[in-house]
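Participant: I'd like to ask some things about the structure below.
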Amino acid sequence: MTLRFPVTAEDYRNRARRRLPRFLFDYLDGGATDEQTLRANASDWHHLTLRQRVLVDVDQVDTSSQLLGETCAMPVVLAPIGLAGMMARRGEVQAARSAENAGVPFTLSTVGICSVEEVRTAVNRAIWFQLYMLRDRDRIEALLDKAWAAGCRTLVFTVDLPRPGMRHRDARNGLSSPSVRAKTLKIIHLLSRPRWLWDVALRGGPLNFGNLSDVMPGANDLDAIKTWIDSQFDPTVTWDDIAWLRQRWQGRLMLKGILDADDARQAVDCGSDGIVVSNHGGRQLDGVASGAGKLPDIVTAVHGKTAILVDGGIRSGVDIFRALALGAQGVMIGRPWAWALAAGGETGLNNLLTGLQQELRMAMTLTGVIRINDIGPDQLDQTGEKQ
Ligand code: FNR
């Protein structure tokens, strides 16, 4: 037990590590192969130095902004995280409540534990829905209808996962193997974290994807889920499918996982309302550039033609500010919210989000900008960049 309050994303990460069974913490924390891109995602933001400005009236700093036509208390969206519901009891419900409390959108993953109906009925604010393309297009149509009926008006279609990336931590923990040895390893991990078992007991029922429960009745452990994903996710998806989706979905459409200026232009041509510049949190191809590294190119290519969000390695309010200074309209955060949820449930996540907003406000105050829309390249210190 520790008597200190968690404050930063890293504090919540450390708590989550103590609380979750190892295979689950590693599933959340890890990235593809050598994890170089995972590390670059966070460290590349740090190379951007800010300009301190003084003697500006900063009495009324306002972090609120418009994202995809929605008013947000700050330009932050909780990114879709598959299986987030395992980090705490009815995890996605708790997270959506926190997001509502903080005045920011919550994105529910296709492969969330709680269904879109369950999450939606727990909050007043409309949630965003993330879609992975499945081979079964009837199933996709049914999912879109379900999301629409539950009040979702922003669809985040993820395009950077034709197949799940290779994550060595998961392999070492036996997550991709149904062998008896691998199962034993997971049981040992579970027994090493008894508090987590209470939550499982309280939650009850088999492990399930709420949005897909009718098509995957046998999925009562992570191996079954992995096998199902490998067989159902559709690697044949192309831009033609985006055109189909655009015409099928009446709400706002975001493409998540754009990391190249040419793809960004094509996303605009396909009529997407926004893009998320993302490498899936460094979980797909190790060796690709970070979000911070690619954002300037993409902003140059499509600025003003579509909304641009960025994610990957955003860990503080200062990082949020840096992303806006590079030209993003907002950011998504992934692991930090799931760490906070695992560490302290809804309250933990409330505290994390409050802290991010305070840090963002402080960064605005000390750079002398009072509105989100006024943050831009002017706030970056081109002379003082770190090497
Ligand atoms: C993800 N991400 C993700 N993205 C998505 O579109 N659908 C999903 O189901 C998931 N699942 C998922 C699980 C886990 C454990 C992680 C860590 C990430 C990617 C996520 O939405 C986001 O792009 C990254 O997490 C952003 O990077 P940071 O903030 O985690 O560094």
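Each residue, glycine too, has its Cβ placed from N, Cα and C.
Whatever TrEMBL says is automated annotation, not expert-curated.
The model shown is predicted, which means the values in this text are computed figures rather than measured ones.
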Participant: For the glyoxylate site, TrEMBL lists Y27, Y132, H280, R283; sort out which one of R97, R167, R172, R322 goes with them.
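Facilitator: Candidate in the recorded glyoxylate site: R167.
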Participant: Out of P80, G82, G313, which of the binding-site residues has the smallest number of neighbouring Cβ atoms within 10 Å?
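Facilitator: The binding-site residues P80, G82, G313 were compared, and G82 has the fewest Cβ atoms within 10 Å.
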Participant: DSSP on R335 (FMN binding site), three-state: which is it?
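Facilitator: The three-state answer is helix.
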Participant: Find the shortest Cα-Cα separation between Y27 (glyoxylate binding site) and the binding-site residues P80, Q130, D311, G313, R335, and name the residue that gives it.
Facilitator: R335
Participant: List the residues of the same chain that sit at least 6 positions away from Q130 (FMN binding site) in sequence and have their Cβ under 8 Å from its Cβ, in sequence order, or write 'none'.
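Facilitator: Same-chain residues close to Q130 (FMN binding site) (Cβ under 8 Å, separated by 6 or more) are P80, T107, L108, S109, T110, L155, V156, F157, T158, K256.
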